[in-house]
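Peer 1: Relevant sequence annotations retrieved from TrEMBL are reproduced here:
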- 29-52: region 'Disordered' (REGION)
- 57-188: domain 'DUF4178' (DOMAIN)
- 122-147: region 'Disordered' (REGION)
- 125-134: compositional bias 'Basic and acidic residues' (COMPBIAS)
- 135-147: compositional bias 'Polar residues' (COMPBIAS)
Amino acid sequence: MLVVLVLLLVVVGVVAVVLGMRARRAARQGESRAGVPQDPFGTGDQDSLRGDPRALKAGDIVEIRSTTYTVRGSLRLDEGGWGWSEHLLDDAKGTQLWLAVEEDPDLVLTLWKPVTGVGAPGEATVEHDGRTYRSGESGSATFRSEATTGLDAEGTVRYHDYEASDGALLGFESYGGAAWEASAGEELGRYDVLIYPTAD
C-alpha cells in the first residue's frame, strides 16, 4: 500500500511539473504576441474570407461587382520608399482595367478605366465627362513589371491625379517619358472585390 501511495505521489508530481511548464510556455508566447502592435482597423478577417488584395499576382482571378477578371500582370511601384501595386485585369470580352492597391494607411482599392480625349495634366482643374476635376497628387515613381503589362520590365512613371467633388477620379500617367495616358478611376469598397488566388 505504501508503494502505491508513493507511485501516486510521483505521478501527481510529474503531472504538476508538466502542467506548470506548459502554463509558463503559454504565458511567454502570449507576452511575445502582446508586444506586437495590432492595427485596430486591420482587414485580416476580410482578407481570409475575400482574399488579400495586397498579395495579388498574375494568374489570380478577381471578381469585382460580379464581373470576373484575370490578373494579366502587375506593376510594383515605389516613390521614395512608399510602395503600391497596380494590376492589369482582363475579362472574357477583352476589357482591360487596372486595379490599384495601396495602404495609406488603410487599404485603398481603386479601379481605373482608360479614357481618351482628355488632354494632358498640369492645370488646376480638368473637365471631363461633365465633371470638373481638381488637381491632387502628382510625382514620379520607379516601377517593376511582372508578367504581361505591355511595359518594360522596369522604368519610371510620372503621374498626376485629379478628383471631382463627387469622389470620381481622373489620373494621368506617363511611362518612360511617353505621352500622357488618362484613366477614369473609382474607389472600391472592400466588399466589392473577391479574390481567388492561384496556387504558388
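Each position is counted from 1, following the chain as shown.
Backbone N, Cα and C atoms are what each Cβ position is placed from, and that goes for glycine too.
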Peer 1: Apart from its near flanks, which chain residues at least 6 from the ends of the compositional bias 'Polar residues' (135-147) lie with a Cβ under 8 angstroms of it?
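Peer 2: Result: 57-59, 71-79, 121, 123-126, 153-163, 175.
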Peer 1: Please compute the mean pLDDT of the model over the domain 'DUF4178' (57-188).
Peer 2: 96
Peer 1: Determine how many residues of the domain 'DUF4178' (57-188) DSSP places in helix, in strand and in coil.
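Peer 2: Per DSSP, the residues of the domain 'DUF4178' (57-188) fall into 0 helix, 90 strand, 42 coil.
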